[in-house]
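Q: Here it is, the structure, as structure tokens.
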Amino acid sequence: MPRIRQAIKHPFQWFAAALRPDRQGLAAAAFGAMAAFAFAPFSFAPLALLAQAGLFWLWLKTDTSGQAARLGLWFGLGLHAVGSSWLYSSLYVYGQTPLWLTLISVALWVLYLSLFPALAGWIARIFFSPRFPVISLLTLFPAAWVLSELIKQHLFGGFPFLQMGTSHVLTWLDGYAPVFGGLGVSWALALSAAALVWLVRNGAWMGAAFIFAVVWLGGGLLQDIKWTQPVGDPVDVALLQGNIPQDKKWQPDQFMPTLKRYIKMTRENLGADVIVWPETAVPAFFDLVERGALKTFIRDARLIHKPILVGSIWRDVEKRRYYNALINVGSDPYQVYRKYHLVLIGEYYPFSDWLKPLFDLWNIPFDQFSPGPFPPEPMKLGDHHAGMAICFETMFGHELAAQLPQADYFITVSNDAWFAHTLEPAQALQDVQMRAIELGRPFARATNTGYTAVVDHNGHIVKQLAPYKQGALRATLQPRQGMTPFARWKELPVLLLLLLVFGVVLGDRYLRRAV
């Protein structure tokens, strides 16, 4: 316990010392930067294994938990400075936030995300047993990493960007996703990295080879299990990509041209079973446009009973609330999905009365949305029920699972124009691939500028539009029924594994002190 008190004492002094670069810190940052290239759009998955092994090697060479936390912090700085700096584009390029505030915001954003690898290092080293170094390496290091990712997934609403397991979509390790979720893939990857360190450090060829065989072949065998089954006829979807630049999207003189573009693409694809417009494709309060610019269009959609899902802003005038919503205008009355998992700062901010002047500097339109109901009801579209998700919600598989088993497939919409020509749109599509594998359901994803795609239940991209071009993606997806273990139990198996590992560690310490 004295080491714990020492580690949390004087945090600002620790940060000042931790951020001083040295050879080990720069090496950890280099490993973190390497790991960023394991994710989409680069998708060099083996780099995640090598990078994490490098970090674990550095952790083994430390003497204190503070030193390990410092190296974890530098690893996170390298990872997120390369992989998550797309925030600069949304704030400065499109939000017209002052440059000084943009740089501060991006630095704080990267630093915040880097705290979780630091936490992993602190946990791994503080519970490390010098009596059993190999066991600690193979059990504690992966468990500490997964625990930090679990906390990142929930703290302040959750910001689970660049979870290591996501880099291994479409590898043998993704076989663990339907059972343990993306965190389970992260655990399998971290265990593989620990085995690689054991091999290099101790020459444990047999032991490391055994772990690799069990972990990787186990994932491959799990891929062969058909967790869900096809149900009903395939669905022909038309996903519209308007390619409206973010700096023009909210300009009044672009409102009618935007609507006309989407209406034209819709009329050209009326043969589809379901037509989907992207997030906030109608950049206005829906109750205003339904009586004006979209009145005739909505009437025609209802006459032919065509499911046409339109992204817009749904307003509750009486309660003075508004929602980021997806509305089926072909239904009478409307079917409305209201986004429930909002982005902190981006869609709402705390202490609004006090902090509004500061947040106004970020120049984010509609930054005080209200959350929709949870769990949401899937929409009945034709013969199938479709689960819904808007943008950020596709990062949380345990929440999307609340729409199962009713949902036969998922429709998700986004406006990634905020992050145009950065890494974020490709990373967002990779997150959707992971959700498809976790839940055993296909996903149809419509975005303003890309990446618009259909993903099957195994995470494979069936069809995709080229980004940053106007177009309509026509593709068929096969709805499915049944529940994966992850859809049923969500994060419980991972929590039980964490309790087992740390329970054994704490129990061993207690017994040794009692003797």
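Each residue, glycine too, has its Cβ placed from N, Cα and C.
Annotations per TrEMBL:
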DOMAIN    240-479  domain 'CN hydrolase'
TRANSMEM  37-59  transmembrane segment
TRANSMEM  71-94  transmembrane segment
TRANSMEM  100-122  transmembrane segment
TRANSMEM  134-155  transmembrane segment
TRANSMEM  175-197  transmembrane segment
TRANSMEM  204-222  transmembrane segment
TRANSMEM  492-511  transmembrane segment
Q: Short question: most Cβ pairs under 8 Å with the transmembrane segment (134-155), which of 37-59, 71-94, 204-222, 492-511?
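A: Out of the listed stretches, 492-511 contacts the transmembrane segment (134-155) most.
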Q: Who are the chain neighbours of the transmembrane segment (37-59) in space, where the CB to CB distance is under 8 Å and they lie at least 6 residues beyond its ends?
A: 24, 27-28, 31, 68, 71-72, 75, 82-83, 117, 121, 124-125, 137, 141, 145, 162, 164, 166-168, 171, 189-190, 192-194, 196-197, 200-201, 423, 426-427, 429-430
Q: List, by number or range, the same-chain residues at least 6 past the transmembrane segment (175-197) whose CB is under 8 A from its CB atoms?
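A: Counting only partners 6 or more residues beyond its ends, the transmembrane segment (175-197) has Cβ contacts under 8 Å with 48-50, 52-53, 55-57, 60, 137-138, 141-143, 145-146, 149-150, 153, 163-168, 207-208, 211-212, 215-216, 218-223, 225, 227, 397-398, 434, 437-440, 484-487, 490-491, 493-494, 497.
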Q: Looking only at the domain 'CN hydrolase' (240-479), what is the model's average confidence as pLDDT?
A: 91
